[in-house]
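Over in TrEMBL, the protein carries these features:
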TRANSMEM  33-54  transmembrane segment
DOMAIN    40-74  domain 'Translocon Sec61/SecY plug'
TRANSMEM  74-97  transmembrane segment
TRANSMEM  118-137  transmembrane segment
TRANSMEM  143-165  transmembrane segment
TRANSMEM  255-276  transmembrane segment
TRANSMEM  296-316  transmembrane segment
TRANSMEM  424-442  transmembrane segment
TRANSMEM  448-469  transmembrane segment
Amino acid sequence: MGIKFLEFVKPFCGFVPEVSKPERKIQFREKMLWTAITLFVFLVCCQIPLFGIMSTDSADPFYWLRVILASNRGTLMELGISPIVTSGLIMQLLAGAKIIEVGDTPKDRALFNGAQKLFGMVITVGQAIVYVMSGLYGDPSEIGAGICLLIVVQLVIAGLIVLLLDELLQASLRTFISESILNKGYGLGSGISLFIATNICETIVWKAFSPATMNTGRGTEFEGAVIALFHLLATRTDKVRALREAFYRNNLPNLMNLMATFLVFGVVIYFQGFRVDLPIKSARYRGQYSSYPIKLFYTSNIPIILQSALVSNLYVISQMLAAKFGGNFLVNLLGTWSDASGSYRSYPTGGICYYLSPPDTLSHILEDPIHCIIYVVFMLGSCAFFSKTWIDVSGSSAKDVAKQLKEQQMVMRGHREKSMIHELNRYIPTAAAFGGLCIGALSVTADFMGAIGSGTGILLAVTIIYQYFEIFVKEQQEMGGMAAMFF
């Protein structure tokens, strides 16, 4: 059934542009250059507004999704990486559930890659039409059919650009979701990961050094926490009170938020080093020994991506239903919403969505401890569940690892081939579940401490940056030193 499906979409895959595989080994300097060019194009697209849209001051219904989708409201990057991530997750789940059978031959891998890109473009077109017809850019009847079509075309072209930029570097998020994807290798790391980390880091830097001013009850203040510190010290006569405001001010980024962000960065990097090395040896060549590492974060940032995607989509659905059927009991049970003052987002004030959202401040935790308890239990449980489930559908379970080692003619020292699965089962499911639990706990801690960019965003940024660090170290080892990499 699976092969028939891939063969069915094969004639249509030729309509999707692709980046040709390099005919020679790409040097590190060139990879750095292509990575910089890719990032530059992405950032430029994040600043180019869509032509034909009507400006609106309404709350952004997709605010909660933008952290993990690297999207920017009202620009060419409105959809961000949503179509690629969605197609990658769905196709991988279908392949993991054996609904789509993917062989190990290069032909099957290329076909699966093409089907995934084609599905991503279909999702791009569908999302673009839904965004326009839902009135996100203004009433379609007022904008006109021609402008509506133009907006859809802009979003589709931008989606194609993201797909090609992603493919230019490597196989992106699809690579660590699926091992059966071709690697173009023109750049460093993953296109999608690069966009996510850049988006989050840009938010953190902006919140720290933003020169934008806002009118508060205490007078005009700078949005950036660091700039606000110097401004308050320079303009206030009471320096102690100025320092207190700079560290603890409400509704705007403060220095405690910034310090919490760096603290979470350090803790996550520290936990990245936790792993168990299982000794393995070659079954073919005597004396060839190695080790198979099982990290604490065995599934990397997949649990928090899946959890935040689930909750964010629930938020979007709840806001749309609340806007249309605000008085309905079931809609209110799902969530009631209120616009946050001074921002373009809504926040939940009741219903299921309220209890699945992080408490805003420490005083909020003390006022409503039930909310805090439900949120913590949900975060820890969902991250552990997604992490445990993911290893079964992504080809990284003990059975799959044992199969991979066998294909490489490697066995665990002191164990026969048949007992390898049992030995791996002692570590992999535990690492997946406990690692997911730790990811959830770190995200909750970051939210409670008020870290900039949310706990989810910081975890994504740190894990992605750490992956780039590992890539850099690997390149350095292959090149034989730092000097050989650049000169």
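Cβ coordinates are placed from backbone N, Cα and C, and glycine is handled just like the others.
Annotations in TrEMBL come from automatic prediction, not curation.
The listed stretches are 33-54, 118-137, 255-276; of these, 118-137 has the most Cβ pairs under 8 Å to the transmembrane segment (74-97).
Counting Cβ pairs under 8 Å to the transmembrane segment (448-469), the top-ranked stretch among 143-165, 255-276, 424-442 is 255-276. DSSP states for the domain 'Translocon Sec61/SecY plug' (40-74), grouped as helix (H, G, I), strand (E, B) and coil, give 15 helix, 1 strand, 19 coil.
The stretches the transmembrane segment (33-54) and the transmembrane segment (143-165) meet in space: the count of Cβ pairs below 8 angstroms, excluding pairs fewer than 6 apart in sequence, reaches at least three.
Outside the transmembrane segment (118-137) by six or more residues, the chain places 9, 12-13, 15-16, 50, 52-54, 56, 61, 74, 78-79, 82-84, 86-88, 90-91, 143, 148, 151-152, 155-156, 159-160, 163, 320 with a CB less than 8 A from a CB of the stretch. Counting same-chain residues at least six beyond the ends of the transmembrane segment (255-276), those with a Cβ under 8 angstroms from any Cβ of the stretch are 204, 207-208, 225-226, 229, 246-248, 293-297, 427, 431, 438, 442, 445-446, 449-453, 455, 458-459, 461-463, 466.
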